[in-house]
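Q: Have a look at the structure that comes next, please.
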Amino acid sequence: MATKQAHKRLTKEYKLMVENPPPYILARPNEDNILEWHYIITGPADTPYKGGQYHGTLTFPSDYPYKPPAIRMITPNGRFKPNTRLCLSMSDYHPDTWNPGWSVSTILNGLLSFMTSDEATTGSITTSDHQKKTLARNSISYNTFQNVRFKLIFPEVVQENVETLEKRKLDEGDAANTGDETEDPFTKAAKEKVISLEEILDPEDRIRAEQALRQSENNSKKDGKEPNDSSSMVYIGIAIFLFLVGLFMK
């Protein structure tokens, strides 16, 4: 249970953070326990954490601000072990270096600075930039669908996340459709249904198609397979391909 002084100090700090939130940082106390704070760090643009959404906790002692909090990061991030106490100069690992004048904002700014550095410490891990970028992209989905505490503390952020994920899905779908529209004629032709040789009107194109069919049958025989009963049919991909080639050759 928080002392009167700790409660007063943390209430004041929360008010200050609401009025003047530090860049990339959102933090608030648990409504049922002012000693338990939750934060979200948004990955800065010039780092492998760009666009990432990193949730963690600050667990303050009852006699704060005279002793430092325990610091943890819950969202997988590639920099720290998830849900593990971190050894930082402003954490409970180093009460001897703690300054009572430091605040929640000071602590989280220090955590962000350490996160974007390469310095090792207890609770840190080493991963590639590619892994960090992958985790950054997956972080919103993780917090929204797998992180129970995140959903309880930041319900409005969860709603924003759902909208972000839906938009991302639509954008990716549009990109895939655009790719189909710009597909070259030969590739598109190869995906179409079959037609008969009789439907190929141009004599030269029909000859080419017949040659392709015979070659296909010969290959089947070499592989020990019987020609299919529908061997009089060829893929429209071949037909159109040959037709287009014929146009260029004429």
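Residue numbers in this text run from 1 along the chain shown.
Here the Cβ of each residue, glycine as well, is placed from N, Cα and C on the backbone.
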Q: Among Thr122, Thr134, Thr178, which is the one flagged in Swiss-Prot as phosphothreonine?
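A: Matching Thr122, Thr134, Thr178 against Swiss-Prot annotations yields Thr178.
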Q: I want to check the contact list for Cys87 (active site, glycyl thioester intermediate): same chain, sequence separation of six or more, C-beta distance under 8 angstroms. What comes out?
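A: Residues satisfying the criterion: Tyr93, His94, Thr121, Thr122, Gly123.
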Q: Does DSSP give Cys87 (active site, glycyl thioester intermediate) helix, strand or coil?
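A: In three-state terms, Cys87 (active site, glycyl thioester intermediate) counts as coil.
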